[in-house]
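Colleague: One structure is given below, represented as structure tokens, and several questions about it will come after.
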Amino acid sequence: MPSKKQTDVSGGDRQPDETPTFCSLENLKVAQVQVVGGTLNGFSIGFVAVYAYFYLMSTDCSMYKKEVACNRVLNAECSWNGTRGECGWNGFTCFWGHGKDKTPCLDDSRCKWVYSDEECKNPTGYSSSYNGIFAGAMIVGAMIGSIYAGQFAARFGHKVSFLIVGIVGVVSSVMYHVSSATNEFWVLCVGRLLIGVVLGLVNVACPMYVDQNAHPKFLHVDGVLFQVFTTFGIMFAAAMGLAIGQSVNFDKDTKMDARMQGYCAFSTLLSVLMVALGIFLGESKTKFTSGKHEDDGTALDPNEYSYLQMLGPLAMGLVTSGTLQLTGINAVMNYAPKIMGNLGMVPLVGNFVVMAWNFVTTLVSIPLARVLTMRQLFLGASLVASVSCLLLCGVPVYPGVADKNVKNGVAITGIAIFIAAFEIGLGPCFFVLAQELFPRSFRPRGSSFVLLTNFIFNVIINVCYPIATEGISGGPSGNQDKGQAVAFIFFGCIGLVCFVLQVFFLYPWEESTPQNHGDTNEESALPERSRRLRLPPLATVKPRECVVWHRVRRETNISYGKIKRKTRVQDCVAADDTAKTALSIAGVVRWGWRAAPDRAKRHPAFFWLRATLLLSDYN
């Protein structure tokens, strides 16, 4: 693997007193990309469960309690039975005909046996295959869109990318409206496929824009905002579903057509905001030779590294995607509503509670991103999520291990801990690491690969998980807890294997020499000899030595704007160290850098050790 060293290049030529605040206009201009893109991504994810439940309400005659409501069911032919005082189906109502008699119910093609209620009922809502197609269409689209997402953004720029996302999003939303009005399922699926394609672009382009334009002080904080607002979008979808669904009065006309159209309108609104973002967003500071800046000498060459040269980082990108998806986040999110139902919550309420916890825990990642590295946060969350999945969601749920009350209590605790660990570390850090695992010139292609593998794993889990759990449980009539438990044990073990690999091999890419990003910054203008000076962060330097490091940085023209300083300036007490002494130390450190073996060059501890020994001779 090539020698590497991380270099902050965004932010321009800046002095410490010019550092913007988090809520400054400069930072908000960058963060808005994460806000709009993340919310659209999250709402599109949360759209499926709510819309599918609305469709079920529009087809289930048994939910309607008065004749006026029964006669106006949107997507089913219902009729009021005056003798029974109930609403049923025009042709045949299975519960009235077969009741709780399982054998004739299973023999009747018009009916289905509901094992949880032990009743014979008419099919309602989408079938299991239709539900799978509905949920999977967006993921397949995102998988397709992510293949060339990075290259597209590098070639045409982020403004064009977001404009395309918004326009296609509006077209997709129009198809939602048409499907809702005409009950055309395949129109809905095409709309979901289209929104998935552009969301594949969003998942790559939004974190990439932040990586290229955020101030170094807020690079990671702005980076985790994509996941924060993705979970906000999911919670918003659940909240709107709860508000619209819980207000339904089944004693009169429910107006389900207007409710479903109103729910689809939120997707239209977010897509319009994406169009506005593409129109008014500023250009990225980073330029690539594959685009309109082909003749710009400062532009990055996206073909500087081949895929073969990047085999190591690409492999770790694959492992991080596996950690994100193969630890079972989709399984947990599918299982959580069932647990909520066991606690007596109706589907829309249980869905909202889970999504609200999902969002609240993500907020914790914002302050943590300021004090921990993405690697530390990702590794810690990976370990906690894997252990909770294995020991709380898996083993106790297996039939015979614990009674029902204990099982539900432990499972809901495990789910809460797992979701918290996922949203505090795994989800937010993933999008940042998808950029930082690679050199800046390779990030368009590298991040596209990482997101592609993420969506592939997502499809595998969504397709295989329900099939595997049902098969392990012994079929639809078996105890489904057995399949759930085995699946969670498997997910936990996969997570632990990924954790071990990441402990040894997960490191952000570090450039040996900074690359020019096309933006003005004094570090890129330094002589080669000065740019090679590598010093430890000021946060690791003791106050006694602090002033020396200040002078080393100052006398070698290292930009203060590129230093992430956590030690207060007043801690660096004045001393009589002269600039000559500081330069002498810097010179010896440079000599040590040139003479050191390649392996030592990659380790920051080498420079700290050399500096500590040298400083002891001068103080």
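Placed from the backbone N, Cα and C atoms, the Cβ positions cover glycine too.
When I checked TrEMBL for this same protein, it listed these features:
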type: DOMAIN; residues: 30-510; note: domain 'Major facilitator superfamily (MFS) profile'
type: TRANSMEM; residues: 35-56; note: transmembrane segment
type: TRANSMEM; residues: 133-154; note: transmembrane segment
type: TRANSMEM; residues: 160-178; note: transmembrane segment
type: TRANSMEM; residues: 185-204; note: transmembrane segment
type: TRANSMEM; residues: 224-243; note: transmembrane segment
type: TRANSMEM; residues: 263-282; note: transmembrane segment
type: TRANSMEM; residues: 343-365; note: transmembrane segment
type: TRANSMEM; residues: 377-398; note: transmembrane segment
type: TRANSMEM; residues: 410-434; note: transmembrane segment
type: TRANSMEM; residues: 446-468; note: transmembrane segment
type: TRANSMEM; residues: 488-507; note: transmembrane segment
Colleague: Taking pairs 6 or more apart in sequence, does the count of Cβ pairs under 8 Å between the transmembrane segment (224-243) and the transmembrane segment (160-178) hit 3 or more?
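Modeller: Not in contact, no.
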Colleague: Quickly jot the same-chain residues contacting the transmembrane segment (446-468) by Cβ under 8 Å, restricted to those at least six beyond its ends, or write none.
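Modeller: Hits for the transmembrane segment (446-468): 128, 132, 135-136, 139-140, 142-143, 146-151, 200, 203-204, 207-208, 310, 313-314, 317-318, 320-322, 324-326, 328, 330-331, 334, 430, 434-435, 437-438, 483, 487.
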Colleague: Which one of these stretches, 35-56, 263-282, 343-365, 377-398, 410-434, has the most C-beta pairs shorter than 8 Å to the transmembrane segment (185-204)?
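Modeller: Out of the listed stretches, 35-56 contacts the transmembrane segment (185-204) most.
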Colleague: Please report, as numbers and ranges, the same-chain residues at least 6 past the borders of the transmembrane segment (160-178) whose CB is under 8 Å from any CB of it.
Modeller: 33, 37, 40, 152-153, 184, 187-188, 190-192, 194-195, 197-199, 201-202, 205, 261, 264-265, 267-268, 270-279, 281
Colleague: Examine the transmembrane segment (410-434) against the transmembrane segment (343-365) and state whether at least 3 Cβ pairs sit under 8 A, considering only residue pairs 6 or more apart.
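Modeller: Yes, since the transmembrane segment (410-434) and the transmembrane segment (343-365) share at least 3 Cβ pairs closer than 8 Å, they count as touching.
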Colleague: What is the pLDDT of the domain 'Major facilitator superfamily (MFS) profile' (30-510) when averaged and given as a whole number?
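Modeller: For the domain 'Major facilitator superfamily (MFS) profile' (30-510), the model's average pLDDT rounds to 88.
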